[in-house]
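Feature annotations, reproduced from TrEMBL:
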type: COMPBIAS; residues: 24-59; note: compositional bias 'Basic and acidic residues'
type: REGION; residues: 24-60; note: region 'Disordered'
type: DOMAIN; residues: 59-108; note: domain 'Smoothelin'
Amino acid sequence: EATLDLPERRRIRSAIRELQRQELQRDEETLASKRFRPERSSHRQDNKENWPQSRRLEEEQQAALAALSEQLEAITSVEELTKLLRAAGEYEERKLIRAAIRKLRAEEIEGEAPFPCSRGEALESLR
């Protein structure tokens, strides 16, 4: 059913354009509402207010890790370090303890290795 009436075609085209314009306007409004949500901006403001507190907590954590590092230097038993590792909750603490365990094991291996000496000296020490 094609229409031959030109004024009717114009009305149909203008109605289609108006519908497209309304749809585009709704899409823009939806996009704008997603971009500028008030809760996001207030959340950012909260972060700015909490920044000094989070900075202080980070400094306290660094100080605690430094103290733990000194404490780990005094421990000479892999078993004690393993117990500490199992009890540790924070990733950074576990990381320091694992490093201390590796260091102790490396020192144990170096202590067990024979000192390099000539073959004659080794034979004399056996006599």
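Placement of Cβ uses the backbone N, Cα and C atoms for every residue, glycine included.
TrEMBL: automatically predicted annotations, no manual curation.
When pLDDT values are averaged over the domain 'Smoothelin' (59-108), the model yields 88. Across the domain 'Smoothelin' (59-108), DSSP classifies residues as 44 helix, 0 strand, 6 coil.
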